[in-house]
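Peer 1: Below is a structure I'd like to ask you about.
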Amino acid sequence: MWARLLLHVAYILIPLLGSSARGYTGRKAPGHYSAERRRLGPHVCLSGFGSGCCPGWAPSMGSGHCTLPLCSFGCGSGICIAPNVCSCQDGEQGATCPEAHGSCGEYGCDLTCNHGGCQEVARVCPVGFLMTETAVGIRCADIDECLSSSCEGHCVNTEGGFVCECGPGMQLSADRHSCQDTDECLGTPCQQRCKNSIGSYKCSCRAGFHLHGNRHSCIDVNECRRPQERRVCHHTCHNTVGSFLCTCRPGFRLRSDRVSCEAFPKAVLAPSAILQPRQHPAKMSLLLPEAGRPALSPGHSPPPGAPGYPTGVRTISQPSTTQVLPTFFPTQLISTPVPSSSPLGTLGPPSLLQGAVGTPSSPRGPESPKLGAGSSSCWHLGATYESGSRWNQPGCSQCLCQDGEVTCGGVRCDATCSHPVPPRDGGCCPSCTGCFHSGAIRAEGDVFSPPEENCTVCVCLAGNVSCISPECPPGPCKASPQSDCCTCVPGRCYFHGRWYTDGAVFSGGGDDCTTCVCQNGEVECSFTPCPELECPREEWLLGPGQCCFTCREPTPTTGCSLDDNGVEFPIGQIWSPGDPCELCVCQADGSVSCKRTDCVDSCPHPIRIPGQCCPDCSAGCTYTGRIFYNNETFPSVLDPCLSCICLLGSVACSPVDCPITCTYPFHPDGECCPVCHDCNFEGRKVVNGQVFTLDDEPCTRCICQLGEVSCETVPCRPICTDPSCPDSVFPLEEKQQPSPHGELAKAARNARGDTEVPVNCSSCPGPPSASPTRPMVHLLQRLLRTNLSNIQSASPSPPIAQTSSSPLLEPEGISLGKPRASQPPEPSAGSPVSPRLSTLPPAIPGTPLSPVTPESSSSTFGTQTAFQWLLSATPLTEAETPSMTNADLSETLTTSSSSQRLSAALPDTPNPVPQQSTIDTPKKENSTI
């Protein structure tokens, strides 16, 4: 019984230990002053001037080492394992641990079931619950705070509270109620440029790139693939990422615009005195270096008899008296001897000079190089320098080439160190190897003291001198008369950032528990002795600001009462009044002390754990109202074409990876990735299979095929110079004759041989290979040709009345009967019959030849029309040819002696006669055969 009571008292006393108070065991009798110079073990502070336990630690009862941690709020049913860190029974760690619940919970009632309470013990409901009395006691019902909440976005009611959520593109502010715009650009969703907007963002690309169909990536623009009329380079174009590079063919060089090319001679032309302004000195005569002959330097003439140099050509050094000629330079060297009467002694006669150089009115051709004042290179001391280049010359001079002129001056030296060494041995600029200090040169790494400053130590490093003076430690004055760098300083002590005079006594830890003394520059501290206690260790109490433990007074019977709802908490009880960020403790005097924890948002999308004060960034992310774990990927709600990942409370989104297998993919609306079906050609959609022409190239025809675009030049129809007619009608006898239009035409003789019909491009529809012939029509045409060759020798027979109404032999799909579309009227008995119609033989061999008379023309008109169609019909395709074997065809042709049997042997289809087989008049028929 007593053991349980003592244990209960110990649980109450331990949480009352403060971080600023210390308890020490094993002290000597009161009145005994002990100066402990050093304390051994871990967690010891003030080592060297006395020692004590660091804040948050206390000496243990056995060894006296500082190994007993102190927890300010107590650990309840847990164990204090570090300063203000408790290890609870459920394995969690925190500033405190909940008390072990018995029949009643933390609030005096079991709130785990229906949020109820115990009427006899306490009547309390947590914040967010409404207390109601029932027949079985107190019941706590959840309050829907969303009915009157101040959420700017969407309110979600929870048990005991509510949570505010924001829509897409917005995030919750620090007040947990209002919404603010989410800067999506921080997650780098765009490849190049990103512009944030309220609830959204927009990607763009730099110059030389265009936005991909996914609206996030940037694709390089190939400037070199433009048509010839819009090409960017004069000669050759090389595409680069985001730009392009132009090059020129041999003999040309790029102009300043880096796009066009100009002619450039292979030989180096030296600037000449005659082509320079009056105010500029001459540098070199007009002399071109050739193979086997080097160029001359200014002020030097070629040696006598030197090979490769023409006689009389030399360099000059006197100023020029001739103005610049606004003409182009000659590209050939003038190798005429210089006469003695020449004012400069460098060039040939005026006639040769004028012919070679030109006059002011001479045009400047595109292949002529431009030199003189506008030249982009310089010739100096036998070398060529580009315009804008600088170089050093012997004698500490620096030269500059600018627009063909060389300007030399003194070398400008920029010192890169504080103490450079002056130049030696003909040098131009000082050196930073070594130091020049106080009139003396110091070697690299030399340590020295300046004159009259023995207490100052300097070092030379890379031309810089750094000096330091020794800092004299405090201490008593020395009796030695020898002078040194440090002066005599009275004894002082420096302790915890403050100086104390010799003999001063002060508190070491900011309280009265430690006493320190400054003696001869050293601090000695000792702890205040504590009396021995007669009460057991469990009843020790260390009050605020006290140095020694005292025995606990009898515990008062009352704790901390809350007047609003009648709840009473025992002394030392820690609870949260409803907000997990606020903790309250019941003090020993019955007062309640509450402290609120301020949370700092360390990530944009933390997770709020119920019952936990601050959001947690390590558990995952809360994004668009959903919770994601770390390293979890998910599609973006703002843009389905983005893939996002959660990383420690932060969300990073990037475009979905789209595999593209074609050159011109088209990105349909609402799709994340472009597809290789239609084409996106120069920003416009081209349907698959569509043929189109370029806007600036009407003669170029392109076609879109599954995301690829291929172009070709449209072939133009050649002029008709040698027409030909199909040979499937009947044999022609051709001869050349001029056409009325001045073209070379042909003449075709008809079947009787007495009429020549002129043939030109308009009368011949095209070569017979335009469409394949059908076997049946071709066979009938051959039969007609055979009968036509014997028609002149055939004797007339008595007219045979054709009473059969059976159709003639017809190919499949072609009706050989009367035309349906434009059938001519039947001729009357007295009307003349066309000679051609009267000479047509029967269609089948073995049938008697019957001359056509006016009486029989009406009955035989269908047969004649069919024969005429066979002579002029366009061959059909093989797909339209009737299915018939050669055996069936030969059997039909050899056993049938009438058109009725032929028509019965072959299939007959009622298809109409083609448009081109319709015969209007006999005259028109003869003109087309």
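Heads up, the Cβ atoms here are built off N, Cα and C, so glycines get one too.
Relevant sequence annotations retrieved from Swiss-Prot are reproduced here:
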COMPBIAS  339-353  compositional bias 'Low complexity'
COMPBIAS  743-755  compositional bias 'Basic and acidic residues'
COMPBIAS  791-807  compositional bias 'Polar residues'
COMPBIAS  889-903  compositional bias 'Low complexity'
DOMAIN    376-433  domain 'VWFC 1'
DOMAIN    433-494  domain 'VWFC 2'
DOMAIN    491-552  domain 'VWFC 3'
DOMAIN    619-677  domain 'VWFC 5'
CARBOHYD  N454  N-linked glycosylation site
CARBOHYD  N464  N-linked glycosylation site
CARBOHYD  N787  N-linked glycosylation site
REGION    291-317  region 'Disordered'
REGION    339-374  region 'Disordered'
REGION    731-774  region 'Disordered'
REGION    791-861  region 'Disordered'
REGION    879-929  region 'Disordered'
SIGNAL    1-21  signal peptide
Peer 1: Out of these glycosylation sites, N454, N464, which one has the fewest other C-beta atoms within 10 Å of its own C-beta?
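Peer 2: Lowest Cβ count within 10 Å among the glycosylation sites (N454, N464) is N454.
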Peer 1: I want to verify one value. Collapsing DSSP to three states, which class is N464 (N-linked glycosylation site)?
Peer 2: strand
Peer 1: What is the three-state DSSP composition of the domain 'VWFC 5' (619-677), stated as helix, strand and coil residue counts?
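Peer 2: Split by secondary structure, the domain 'VWFC 5' (619-677) comes out as 0 helix, 26 strand, 33 coil.
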Peer 1: May I ask for the distance between N454 (N-linked glycosylation site) and N464 (N-linked glycosylation site), taken between their Cα atoms and rounded to an integer number of Å?
Peer 2: 20
Peer 1: Taking DSSP states H, G and I as helix and E and B as strand, how many residues of the domain 'VWFC 1' (376-433) are helix, strand and coil?
Peer 2: 0 helix, 26 strand, 32 coil
Peer 1: What three-state class does DSSP give N454 (N-linked glycosylation site)?
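Peer 2: The three-state answer is coil.
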Peer 1: Looking only at the domain 'VWFC 3' (491-552), what are its DSSP counts of helix, strand and coil residues?
Peer 2: 3 helix, 27 strand, 32 coil
Peer 1: Can you give me the average pLDDT across the domain 'VWFC 3' (491-552), rounded to a whole number?
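Peer 2: A mean pLDDT of 80 is what the model gives the domain 'VWFC 3' (491-552).
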